[in-house]
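The next block holds one structure in the form of structure tokens; read it before the comments.
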Amino acid sequence: MSLSNNLSKILIIDFGSQFTQLIARRVRELGVFSEIVSHKKIKIAQITKDNIAGIILSGGPLNVYENDKFKFDKKILKLGIPILGICFGHQILSKLLGGKVKKSKHREFGLATINKVSNSTLTKNFFNKNNRSDVWMSHADQVSKMPKNFKIIASTKNSKLTIIENIKENFYGVQFHPEVTHTNKGKILLRNFVFLICKIKKNWSSKDQKLKLINEIKDQVGDNKVICGLSGGVDSSVVAQLLSKAIGKNLTCIFVNNGLLRKNEEIQVVNTFKKKLKINLIYVNAEKEFIRKLTNVSDPEKKRKIIGNLFIKIFERYANRIKNVKFLAQGTLYPDLIESKSVTGSQTSKIKSHHNVGGLPKRMKLKLVEPLKFLFKDEVRKLGLELNLSNDIISRHPFPGPGLAIRMPGIITNEKIKILKEADFYFIKALREHGLYDKIWQAYAALLPVKTVGVMGDNRTYEHICLLRAITSEDGMTADFFDFPKGFMQSISNQIINNIRGINRVVYDVTSKPPSTIELE
């Protein structure tokens, strides 16, 4: 595997962490180019001080005792390049340099407070006035003995060697995840590593990102025709605009109404893209086809794979009609990939199949074009601004490709779809009316697979439970529930129950991610 260009960069060696791309994204936010490569594929000949300013070793699901499952050339440690190990990266760096790692007596998952022990360039402005900082932990092993010439920078109650460093060799290890937003000043720590320790200068911007993606599309596609699966959301809209700039008239967008869209969504999408943006768009009404295939299916993985397969069949059907179409473009994002599979070939744990990743058929006639697959939602929104997309497209809440199918656990019926469309409509409408929509990362209504007893007008009811979910997030990797102002939940609960037949109870989901995912299925 060759590194992509001659820009001085931060190299991230991936050991399978769910957060690896988040590290790269944090470095890009600093205005510095970064690149990820699997620990299985990196070769020492590719790394020189001329093209690599610093190396970050990611976390991962392995442990350092599984020597047969990870590869790392120890010669990399002798190149004189600054190295930062994060979580598993911290442990493997310590072990390779002669330290010891063992299972923790007390595992640490979630928020933890670390205490400053010594000063360090790495932790400049990282601790508060009480010499503490809140960080996000996710580990069952810990470094129990430091390598020679290392010193302790910070500790927790359960982990003495939480931050360690060898300033002479420029080796640094942190047991927590500075890349996630829950680590209070994680961005400061990464900034210190990039600029104060690696001494690299800014060399990257969103404009560079746009031009890079357009050129990559041209290189991949050439003069061939491409169809783009358009949903009307920000992801597929940005992909469509990138393709339009890269290949012009060789692009045809296809919008499939799978019967699982939000209320009036198909009308809004067609009006926006066909009439306003003048994009070559084909509208396909496949409601009956999707609902028939999903009849009596309750398993969420099967739902996603049925939907993914059917989307591809429809795209291939229309590709044959257009003729000479070789590629299918879609708005896959990095969080989709890391919940479905490993991107770099490292041992990432699968969370669930996304319809456009793990849900795709193994034998596809069309080749995939996924220009956004290494980006996060907010990065895509910035890219949308660079592409001059309107704010109503850029600010839309995420909506999953399988649509309402994964917002009604259990068997899908036309009656449930109708009820859920109305509940979601009232919820989103209320958010807009109260000026809350743009303060929330994603909000939706779901229908739970149980009914409960209620009383309406002195009569007994036995109807569905509507679950409302609204979360705040920066990138979709971690999320917290939105704390609504007093009175809002009571108001929307009354609206839903009074206006929609079939619901007699409304609940609000206050679970964060992790442990939950944003969608129910």
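Yeah, the Cβs are placed from backbone N, Cα and C, and that goes for glycine too.
These come from Swiss-Prot:
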DOMAIN    9-203  domain 'Glutamine amidotransferase type-1'
ACT_SITE  Cys87  active site, nucleophile
ACT_SITE  His177  active site
ACT_SITE  Glu179  active site
DOMAIN    204-396  domain 'GMPS ATP-PPase'
BINDING   Ser231, Gly232, Gly233, Val234, Asp235, Ser236, Ser237  ATP binding site
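Put simply, Asp235 is the one of the binding-site residues Ser231, Val234, Asp235, Ser237 whose Cα lies nearest to the Cα of the residue listed as 'active site, nucleophile'. All protein chains considered, the CB of His177 (active site) has 25 other CB atoms within 10 Å. Excluding Ser231, Gly232, Gly233, Val234, Asp235, Ser236, Ser237, which define the ATP site, the same chain contributes Leu230, Val238, Val239, Gly331, Ile393, Arg396, Phe399 within 8 Å (Cβ to the Cβ centroid), listed in sequence order. A separation of roughly 27 Å, to the nearest angstrom, links the Cα atoms of Gly233 (ATP binding site) and Glu179 (active site).
Taken together, the residues in the domain 'Glutamine amidotransferase type-1' (9-203) have a mean pLDDT of 92 on the 0 to 100 scale.
In the three-state DSSP scheme, Ser236 (ATP binding site) is classed as helix. Most other Cβ atoms within 10 A: among the binding-site residues Ser231, Ser236, Ser237, that distinction falls to Ser237. Once Cβ contacts within 10 Å are tallied over all protein chains shown, the recorded positions Glu179, Asp235 are led by Glu179.
Listed in sequence order, Phe255, Glu265, Gln268, Val269, Thr272, Phe273, Ile393, Arg396 are the same-chain residues six or more apart from Gly232 (ATP binding site) with CB atoms under 8 A from its CB. If you draw a 10 Å sphere around the CB of the residue listed as 'active site, nucleophile', it holds 26 other CB atoms from the protein chains shown.
Taken residue by residue with DSSP, His177 (active site) is part of neither helix nor strand, so it is coil.
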